[in-house]
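To start, the structure under review is shown below, and the notes come after it.
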Amino acid sequence: MASNEDGSIGSSLHGVTAREQVFSFSVEDGPSSQAIRSDDPTAKFAIPVDSEHRAKVFKPLSFAKPHMRAFHLGWISFFTCFISTFAAAPLVPVIRDNLDLTKTDIGNAGVASVSGAIFSRLAMGAVCDLLGARYGTAFSLMLSAPAVFSMSFVSDAVSYLAVRFMIGFCLATFVSCQYWTSVMFTGKIIGLVNGCAGGWGDMGGGVTQLLMPMVYHVIKLTGATPFTAWRFAFFIPGFLQIIMGILVLTLGQDLPDGNLSTLQKSGQVSKDKFSKVFWFAVKNYRTWILFVLYGFSMGVELTINNVISGYFYDRFHLTLHTAGIIAASFGMANFFARPFGGYASDVAARLFGMRGRLWTLWILQTVGALFCIWLGRASSLPIAILAMMLFSIGTQAACGALFGVAPFVSRRSLGLISGLTGAGGNFGSGVTQLLFFSSSRFSTAEGLSLMGVMAVVCTFPVAFIHFPQWGSMFLRPSQHEERSKEEHYYGGEWTKEEKSLGLHEGSIKFAENSRSERGRKAMLADIPSPETGTPAHV
Amino acid sequence: MAIHKILFASLLICLLIQSSHGATKERLFSDLEKSALEVTATPSRVGEGVVLAAGIDKLSITWKVSSTATKEPEFKAIKVKLCYAPASQVDRPWRKTENELFKDKSCPHKISSWSYDPAVKTAQSFDYTLERDIPTGTYFVRAYAVDAKDHEVAFGQSTNEDKTTNLFSVQAISGRHKSLDIASVCFSVFSVLALLVFFVNEKRKAKIEQSK
């Protein structure tokens, strides 16, 4: 191995190469390993860190460099992109008059707004690997800002669709945000951190329903006609994107020890082969089940962000303003609903292991979908709002719970699976909008109920997710000697040659730490009997 | 959490206010007296395939109470509105014609309102310049006669019952502005340039660091 200068900034390329021992959970077990050398760089961090300089503590109110700052820059960037992507939705009643749109045009534009991200989310993982999370985020923000500004040029259905498609690319910030937090925070708390970052970012879809009508109203007060005012209103999300992009580049840092480009690349820096990572992600059937599942939790959420404001405006004869407030409440529930889902998943895992996580996911997603059916059938405003709130909590918690399962599907291809799952969310949204909200075949109310039914049906596949070492919703873990071990599952992603080079050691460490997914009963059974536990000397 | 509770509470308050408007929901269009008013609408430019420009062209509207009107004593005011012809309602459920007056969305654009003077029996006429927020579409003009409670009791329209005659087309303003276009281009260019500047700068700094 090439020599690393001790403590020099940038010599530790944590998580970038596959060769180093990347411990996904903290190496320090307790008081015994507190030896901090006087020249240890960990002493300079404001927050306690593990041996990889990843934060061990999550302090949401702090902006300390580099960990908490990265968290805040990451989720706010993601939040800003959500604002831009769904900025058109609350203004559709004005836009449809300006551009003479039909329901089909509006529906197709909605599909387009979420489709671009399918590809950009897949590509973002690679971009972050090559350029670092900062540039991944900044690229997404600052290269899609022109698309946001170009709403001022839109004059018909086709240009409207094209612009919404291009704006939608910026949803790739989901991946860069999760990537950034994954390199900054240690494995034990990453579930909560990612749940908060994901949930608070998703809130942007709710805030935009309030922000855009308000901005539009203010611009109209200055004397602009409605058909000019809405175009100008898009400048606000555009500005926000540019500002966030600059903040990310100036205040942010790729890795705990520095920026990617200033790190000294020592010796052979071989990243894991993309083709291998891709193959193991694609070959694993669980990836695709999660792809479908996320398509009907996050996908449904994205669809609702596009249609719900117009639904309340048209069906219940509300003003743009009031419809915006109601629609915003849906997205704002993300603030606590998604982290709650992640937390519920963690609690279920503590008690029942992976089986608990899968049941939690199924229950939350199905309950959310049932309330969606109710929402479509509600004919009075108070009932509709109640149904919508319960639906939002269920579905958003399901999103959080899903990312409690995803990290365990693969260790080698974790990043790509996150990307694929995220793309699945957008894919599901495109499908539901195309099927139920793009033609006059169903009224919007019928579309909502049918979407709920489809979501219930498409949540059943979670019963097929089976881990040999932990079982599934209905089946017990494998009784086979070898296959019942976590090491076998995660080691199976590496070939013999790779194992002989020691490339799989990170996965083995992860496997050891993931034994907590066996649940409480199995953990208690695992405690060694007193004879073997007694030390050799008395 | 607290913000969420406040939001929910404010929603409930809004709902209560909205639902208190419920008393007038059941009045039907089919109950109104048809052709109680004779309405004509003449565009400032006529001809085959002529499309009026919003914000520029005018309509010359006249209305007169028909001699056959039975509910005439109840009339307190006349409200003149611009309504969508069936061609402009296709695949646009937000412009749908509904029998319940509360739900009907086919006549959203108010032209003007006149208080009714029973002593004046002659036709009233006025000019109306098409507003700049009128969308592109095919239209006709309808006048509602309302009573003291502001409930519609009768109406008349410039077209026939099937809404096929005397329709006129309007082209909306684009809403685009040269200044907006220029500002848009400027900010877009700034965004891309700023990114490039940062990127190139950092690469340069990294090269300098490495060569040290």
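Placement of Cβ uses the backbone N, Cα and C atoms for every residue, glycine included.
Just so you know, TrEMBL annotations are computer predictions that nobody has curated.
What TrEMBL says about this one:
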DOMAIN    A:70-464  domain 'Major facilitator superfamily (MFS) profile'
TRANSMEM  A:73-94  transmembrane segment
TRANSMEM  A:135-154  transmembrane segment
TRANSMEM  A:160-180  transmembrane segment
TRANSMEM  A:192-212  transmembrane segment
TRANSMEM  A:232-251  transmembrane segment
TRANSMEM  A:288-312  transmembrane segment
TRANSMEM  A:318-337  transmembrane segment
TRANSMEM  A:358-377  transmembrane segment
TRANSMEM  A:383-409  transmembrane segment
TRANSMEM  A:416-436  transmembrane segment
TRANSMEM  A:448-467  transmembrane segment
REGION    A:512-538  region 'Disordered'
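Only pairs six or more apart in sequence are counted, and the transmembrane segment (A:232-251) with the transmembrane segment (A:416-436) gives fewer than three Cβ pairs under 8 Å, not enough to call it a contact. Spatially, the transmembrane segment (A:383-409) is adjacent to the transmembrane segment (A:318-337); three or more Cβ-Cβ distances between them are under 8 Å for residues at least 6 apart in sequence. Of the two recorded stretches, the transmembrane segment (A:448-467) does not lie close to the transmembrane segment (A:318-337), with fewer than three CB pairs under 8 Å once pairs fewer than 6 apart in sequence are set aside. A Cβ distance under 8 Å defines the sequence-distant neighbours of the transmembrane segment (A:358-377), meaning residues of its chain 6+ beyond its ends; these are 293, 296-297, 300, 341, 344-345, 348, 352, 384, 387-388, 390-398, 401-402, 404-405, 445-453, 455-456, 459, 462-463, 465, 472-473. Same-chain neighbours of the transmembrane segment (A:318-337): 82, 89-91, 93-94, 199-200, 202-210, 212-214, 216-217, 304-305, 308-310, 312, 385, 388-389, 392-393, 396-397, 400, counting only residues six or more beyond its ends whose CB sits under 8 Å from a CB of the stretch. Under 8 Å from some Cβ of the transmembrane segment (A:192-212) lie the Cβ atoms of residues 58, 60, 71, 74-87, 89-91, 173-174, 177-178, 181-182, 185, 233, 236-237, 301-302, 305, 308-309, 324-325, 327-339, 341-343, 346, 396, 399-400, 403, all in the same chain and six or more residues away from its ends. Within the chain carrying the transmembrane segment (A:135-154), a Cβ under 8 angstroms from the stretch's Cβ atoms is held by residues 73-74, 77, 80-81, 84, 87-88, 99, 120, 124, 127-128, 160, 163, 166-167, 169-170, 172-173, 175-177, 179-180, 231-232, 234-235, 237-238, 241-242, 244-245, 248-249, 252, all 6 or more beyond its ends.
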